[in-house]
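The structure appears below as structure tokens.
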Amino acid sequence: MSSGNTSSQNHSPVNNQPTRLKSPLPALHKDTQPNTSHQATNVLQAIEHARHFLPAQGPISVFVHHNTLHAFEDLPFEKAVIEGGRRFGCEPYLSEERYHQELLRGRISREDLREVLMADLQDDADKLVATFGTRYTLRLSMLQTELQPMPESGLSWVLAESELLKRFREEVPAPYREKTITQTRGWVMRHLEPITTDTTSSNPASPLPAPLQDRLKAAGESQIHRWNDQQWESFTLHALWETCQQGVEKAEVQTPNTASNDSLHRLMRGELGIDLKTKIDDVLIRFCGCFLDQGFADWKLPERENGFAKAFADLYLGRWAIRADWMKHVDASLREVQSPDWDAIQSIEQSLERMGISNNECEGFLSECLLSLRGWAGMIWQMETNGPFLANPIPEGSLNEYLAIRLILLAHAIEHFGKAKFNVGTASEILRLALKSADVRSASSVRSRTHTVFQLAQLGGWTPEQMLNMSSAQWRCLITEIESFASLDRRRLLHAAYERHYANQALDAISIHSRRRRELATNSRRRPAYAAIFCIDDREESFRRHLEEVAPDCRTASAAGFFAVAMYYQGADHASFRPLCPAIVKPQHYVREEPLFSSMAAGERRAVRRRRLGWFAHQVHQNSRTLIGGWVTGLFGAIATVPMVARILAPRLTSQIRESMGSLVRPPATELHLERLADAPGSDPASMGYSLDEMSQIVVRILQDIGMVDAFPPIIVFFGHGSGSLNNPHESAYNCGACSGGRGGPNARAFAVMANDPRVRRRVAEQGIELPDEVRFVGAYHNTCNDDVDYYDLDLLPRSLRELFRRIESDVIETRARNAHERARRFESAPLDLTPQEALEHVEERAEDLSQARPEYNHATNALVTVGRRDWSRGLFMDRRAFVTEYDPTVDDENGHILTRILQAAIPVCGGISLEYYFSTVDVEGYGCGSKLPHNVASMVGVMTGAASDLRPGLSQQMVEIHEPMRILFVIETTPEMLKKIISENEGIRRMVEGNWVQLAILDPSTYTIQRYIDGHFEPHVVTDREIPTVQSSMHWYRGQRDHLGFATIQESEIKTPVSSSESDANTSEVLV
């Protein structure tokens, strides 16, 4: 059996796609009988270690962004992507072709390549390579042009049918091309022998290779003198090829044979011609879907409460069970599963012994088996351990039972299909014989090496004469050097250059802009007209920026979007509680939205009506699948297509009609059950909510985090955020990450209620923050998909503040249109000449379009996190690519407690979002979930591709198609000493920072100078760009553009008087003229 070379990645000659890294097979020994005595402890430890590699994504309704390679965070990023790629069969970086496209369009510069290569080589940069200069110059040449690997099987066709030996590559500089042709022509003419009539022999004394002599003889001496430029170019390339091939043969560099290191399933597929994995997966996919079902299926799986294994055995031992032929002898094993004393771990031990898997191979083998259906296996583990509020929880031990059943099926499949070829009946003997017969092949060939050297010779201006004069030792040195810098190493450095380019642009822009802001010497402590507090989400960056342009006298700030209100929340229309806090936090408090006391009876009647309607709709859905229901659906089903077609052809109009009909019966006014009467929190009515002391701690924490401890404006609006769209199974992934994929409106509302309570304010004052009586907090919800904004509890706003609130409302309306206009430029279906109001209508339509696969782009393009005062980043156009986190060093203490708690959330959360986007972009099929278009919801817990596949964790193609995969860059306003202290004292932060999973820089609070964190120490950032553009408004910078944009300074607007909504729309449209 052949095995791929995992040290580098080559492009296929057909589709030019990178070869996938393969996962290792446990080292099953061919010639020795392994020790297969397994102890339960060893098996449990092996399972515990193997399950770390399973996806950590829970049910899709609570989608939480996280580092896809979380199991490898103890390794540096550069090693982790290789190990993860090998284990999961995925790509660690973009393809070389993609990086070179970025090089050609200027996204990577030659200077970036030189800097990252020099940093990588260090003292080895000046090592000489044959006669072609240094290691640095050779590798730089290899980085600057895409080397197109070609296997032996494809070279014959390319040599015969393409222009490989007729035209130089387009990337070859013209001077190199002319020099090579001219020098080759002179070399040939100097050694041109008189043409003889004997064309069957070559002159051994001639320095020209024999094939070139034959070519010259075939042309004839008189014709050679009349060759044009194209003919000499072709001859030069033939000469270059022949000398390269001769040199490769002369070098005699041996490629070590690689032992079979493939997976067991690929081994058996190669030996038997049958994919055992597919056979087993077909059985388990359907059963896992039934077992994990959360209400999607019509029938409940029998015996589900008895566990995975017993339910499986009962189902497949049933009288009407339908089984594949290879499962006909599995009855005895399944009957053992039905016995009361059956144990999953003992069953796993027996299966390992049956297949001859030794103790040393146990962990790797079990890991391979779990990862065979890693989506389903990961979901079983997540629902077993992290599913307290599932409608249908699963029993403890389900993952072990899943593995036990899989191994039983695998052993039977090996014996069933292997017996015919190897004429033995035991799984262990079949595996031993299969390994013995596996082929071992060499990883490289003479002609494929020749092709690589041939490409470098063109790019480097190496002449045939120069290469013909090289010794065998020099050729060995050259080939060894080339092969030591394989595709994977080149992609690693190309990616480093890709990241460096953006990081330098970002740090230059922040340095220049912060200096400009400092020169303005504005007083940040003056009392603003009002304040707007947002989540740190990158989608809110543009909303904040536009609001600041519309209302220069307002102040904006940001904090994690759960606003320190960690709770299990149940809305008035929700069937159950759900967590609204970061995934790393386990809430202790329960909050419920309830009708006002005066509307309790109306609320109860509405709840009864909703339950009845829900029951009726469920019955209609269920009965439509029966025989009679099918007839009825066939007769009257066409009527149901009317609203569906309307949602596709006129989604916005359909939405308005639906909302108008819904307004006929408005829901009653509600309030939050927020104050707790009991001593301890819980889910019963008396235990719901927070104590007054807990409320005051939450208010103090957020006000300190955002640096708002004095000069309070009359109204402070807290904007939670979420996203709403149709036909989008991943909708929770578009919601607030700080709320575990929930919507942050209830958190903003709860915070506002807490901060407005006079009893809470008295306790806050005791901690040093005086909130004046006239200051009011308002909760709001921003829908990032359609840019709609809703406000909570406005009836509680004093009449004296209503005029100011109307001004806020007007500013927000204009901001919505401007923000939608900036967002719409990224949508191909939105013309670039839309007015802001038309853009707002466009995004509203996208959110209601049943056929829309891209309602919004979510966190796509995220690349930067700023942690510091808004003073130095206000007015900086960051293209919706930055998480903007508020932090005021002057409010913090000498130990940095405020910064520590901010970074404890920001680095794992923002880093996790960035890394999930990174991995889903570099391999959207392996780490991501592919295209949304063939997805089907499975069991209400995830999506499958088509009718039956593994669950697809990760992000879809439509979510990452405009993303640039980079490790996120943190720019933190603090000192080196403070940040080093925080890193050393916090393991989670230390692992992410020292492992290079995130990039780090600091902005000095006093001097605004920037230093980068590199290999454990800080280095000053040298600004290369002295200026960045200054524009009148954001629209003046981005209009007419669809691609990523650079940084720019937005001119500070003068404070304007309030304008009406219609006037604001007209003024906004005027800017685009």
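Sequential numbering from 1, following the chain as shown.
The backbone N, Cα and C atoms fix where each Cβ goes, glycine too.
Per Swiss-Prot, the Zn(2+) site holds Cys535, Asp537, Cys736; the candidate it also names there, chosen from His501, His513, His721, is His721. Least crowded of the binding-site residues (Cys535, Cys736), judged by neighbouring Cβ atoms within 10 Å of its own Cβ: Cys736.
Neighbour list (Asp537 (Zn(2+) binding site), Cβ cut-off 8 Å, at least 6 residues apart, same chain): Gly561, His721, Cys736, Gly737, Thr784, His859, Phe883. DSSP classifies Asp537 (Zn(2+) binding site) as coil under the three-state reduction. Sitting within 8 Å of the Cβ centre of Cys535, Asp537, His721, Cys736, and not among those site residues for Zn(2+), are the Cβ atoms of Phe534, Ile536, Arg539, Glu540, Gly561, Gly720, Gly722, Asn735, Gly737, Ala738, Cys739, Gly744, His782, Thr784.
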